[in-house]
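A.B. asks: Straight from TrEMBL, here's the annotation block:
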DOMAIN    A:20-240  domain 'MacB-like periplasmic core'
TRANSMEM  A:21-43  transmembrane segment
TRANSMEM  A:281-300  transmembrane segment
DOMAIN    A:287-402  domain 'ABC3 transporter permease C-terminal'
TRANSMEM  A:331-354  transmembrane segment
TRANSMEM  A:374-397  transmembrane segment
TRANSMEM  A:418-443  transmembrane segment
DOMAIN    A:522-621  domain 'MacB-like periplasmic core'
DOMAIN    A:669-783  domain 'ABC3 transporter permease C-terminal'
TRANSMEM  A:670-691  transmembrane segment
TRANSMEM  A:703-731  transmembrane segment
TRANSMEM  A:751-771  transmembrane segment
């Protein structure tokens, strides 16, 4: 019986080739979209979960006190003292490591020198992370200060081979380090990326200031592994006062937070996690399920539409002796066979499009076929889809009364069956329309943020790390570069223009009270030509200048700083910045330093010669950029030969800020488009069936004198009604959801009626085109054919 | 073989009630060939459907070899039907997606006959029906007469005790119609009990007995002497 049912299924597929193709490929596209999205979700979900003892690894967070016992903020960086203190006082802390930011630092094998991401960490890191050692001893690799552990690709980059144990590399052109281990490259979805790893003791040896216990310098990541029986809540209570114990006026307290959760739950209010990336992930999961459901709905609709043709088969089988159960299993099997075909096709699709998808998102995901979860979930999805998609036709078709079916060719065109199909189409299109509107809003918001003035001229602005000799010989560099004509301006900065990187509190100014002294400012240190180079807009006063020797103790303030400090006539006022009295020499318009969607913190730009780190240059726009860069590279290399010259364009860095919105926009664009496409496939199929069913009616009408136009109207109107209904349902839902989404941004665009109208018009047009093709075909057909069909 | 008493069947719609069978009493003997005739809407098809357990009457009794069938549930009816009855329809009702062979095989599959046995039985009947060279064809590739022969073969392959035929020649021209009628006669002579609904008195003349219905009543019965004598 199985074989025979199978044959019927296959022959049916073959007989209705177009419909089958629509059905299988629609489902395959839906499945592939769902799989891709789930792949991305699992990639994000498994972020930082490659640890040995993942459940027991915690990152130490710092809660900052706000007014009246509240917590004003939570940060991921700790002082260098908290970790060691915890390890000393609590036996439940089994391993601890402080880890630095992992900047690009110079590593060289003879003449081969590269700037690669090097991290300093306590030896405990090797107990916390499950690095896969290709060579070297995991237990001792970081024990001596002059050790270094390389990743496989770093080793290959430097030496051309991974077999480099005990060889030596030169670090920052200052010390020789012995390679005591080579580890496999880290997976992409881990936040503590590195190219090489060095002991914390080396860090302290090279940079004296990192050695001093600094209980209120929040600069380092600290991870701990707790013993499995430790109670983190209890521990959290116990460690709360540890900073205040050492520094009486400190306003911060440490808190342990599960390391692997931080990536997705990294937003805190009042010291409690309130979500984060997980929200976007939930959105994607919803999208994945939604698209799959749309595809399933197609499948069900097509199957029930076909049922009118299959009814005879059901009737005959029932008369001859088929039980309802055998018919249900036949139809379920048919749908499972189809789903299986689609699943195979979808895997092919995923494989084909995964590189593109990876490229778009800038990540590296791949399908690990050895992963049992992949197969379990795939089989799960196939079974689920097959059963969901097949259940309605299975139960609906098998319920036909054989007598009715055989007597009239069509089974009762019951109110229920038709309306259920219509409901499904409406659900499908509502979802699609919501996606279109959401996509447009996201796109508009991204455009809005992108076009929002940054407050400075970022085109032609280039950054360079102030490494090695560039620190001592900055003035020489400046002079030679200006002479060369490759740049129009140059300044030394303590941080990147494109990335928020430093803040402070405790500023005092005329008339400031105690609470105002807790106000958080963002800060940047610079020397001369800051405004000239960056193209900031000065509102009052002037840039730092050599003509005023007193500028060595001067600051500039942002407009919002002046406003929040309630300063009248700020220029010339004396403020206390980092303990020094400084004169305000200028006021500049706020510029976008953190996220473009957020309000900017009040900002202080201070004149500090010793706090460099970045060199920012404005290229001479009269020359081609490449020529300018070549000149600059030659001069920089001349002054600082040990380091490679790596330029960064500020506008490219700035674009990075919009990455997460971009991903959201991109995914909703692609999958929104696919959802529409699949919905239209379904509509196309349904329209074809409806036209086929009414062939005789159309023939009779034509014989009686109906025009093609009136017939098309007859055939299209029903579908059009459904689409319009979907739009009416979708608009308020989409508006509500997207309004809420936009509210998350301080600066945001609005959901405009024009957008909604365009989305509606677009959907109607596409749907109409889809349906009218079938309608036209049916209406143009020779009426005699239609009547002969009997 | 069949004993029907006081059978009533009413079709209800929102506005009107139509009495299709109004107290039918009849019987069919084993080995008989009975025709049911009457004008359109007299209830003859309804009666046949009730006899075939495709439809449920409101009241009455229907005994088949002393077994009361009307008290059975759906599953029992379905089982009884597939074991004891074969159907021939006016519009053949073959499954388009199956070949002649597979169409005939289908009831055997539902009766859980083993594959080798199925093959033997189907081949046997295909030979008997003279459609051997058609066994791999699909229904659409056959003429009406051939299709009806396939349908008859399918009805007979399970060796049912009763064959129910609903205007088996209705869609056929007279020569093909005659072919089918001769086939039915032949089967009847070999011992199969047949009940046939027909409009055509020519077709009815092939049977032993003709029952005339009107407005849901049996109004007359006529024994076809030329055939009955043979039976006796």
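Note that Cβ sites are derived from N, Cα and C of the backbone, with glycine treated the same way.
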A.B. asks: Which residues, given as numbers and ranges, are at least 6 beyond the ends of the transmembrane segment (A:374-397) yet have a Cβ under 8 Å from it?
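C.D. replies: Those are 27, 31, 34-35, 38, 292, 295-296, 299-300, 303-304, 306-307, 310-311, 314, 327-332, 334-336, 338-340, 342-343, 347, 367-368, 417, 420, in sequence order.
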A.B. asks: Under 8 Å for C-beta pairs, could you tell me which stretch among A:20-240, A:287-402, A:669-783 has the largest tally with the domain 'MacB-like periplasmic core' (A:522-621)?
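C.D. replies: By the under-8 Å Cβ criterion, the domain 'MacB-like periplasmic core' (A:522-621) pairs most with A:669-783.
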A.B. asks: Take the domain 'MacB-like periplasmic core' (A:522-621) and count its residues per DSSP category (helix H/G/I, strand E/B, coil), listing them in that order.
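C.D. replies: Each residue of the domain 'MacB-like periplasmic core' (A:522-621) counted once, the result is 17 helix, 38 strand, 45 coil.
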A.B. asks: In terms of Cβ proximity under 8 Å, which residues at least six beyond the ends of the transmembrane segment (A:670-691) contact it?
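C.D. replies: For the transmembrane segment (A:670-691), the far contacts come to 18-19, 22-23, 25-26, 29-30, 33, 37, 287, 290-291, 294-295, 297-298, 301-302, 305-306, 360, 421, 425, 428-429, 431-432, 435-436, 438-439, 698, 715-716, 718-719, 763, 766-767, 770-771, 773-775, 777-778.
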A.B. asks: Across the domain 'ABC3 transporter permease C-terminal' (A:669-783), what does the mean pLDDT come to, as a whole number?
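C.D. replies: In the predicted model, the domain 'ABC3 transporter permease C-terminal' (A:669-783) has a mean pLDDT of 83.
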A.B. asks: Can you name the far-off residues of the same chain, 6+ from the ends of the transmembrane segment (A:281-300), with a Cβ under 8 Å from a Cβ of it?
C.D. replies: 22-23, 26-27, 29-31, 33-34, 37-38, 40-41, 44-45, 264, 335, 338, 381, 385, 388-390, 392-393, 424-425, 427-428, 431-432, 435, 664, 667-668, 671, 674-675, 678-679, 681-682, 685
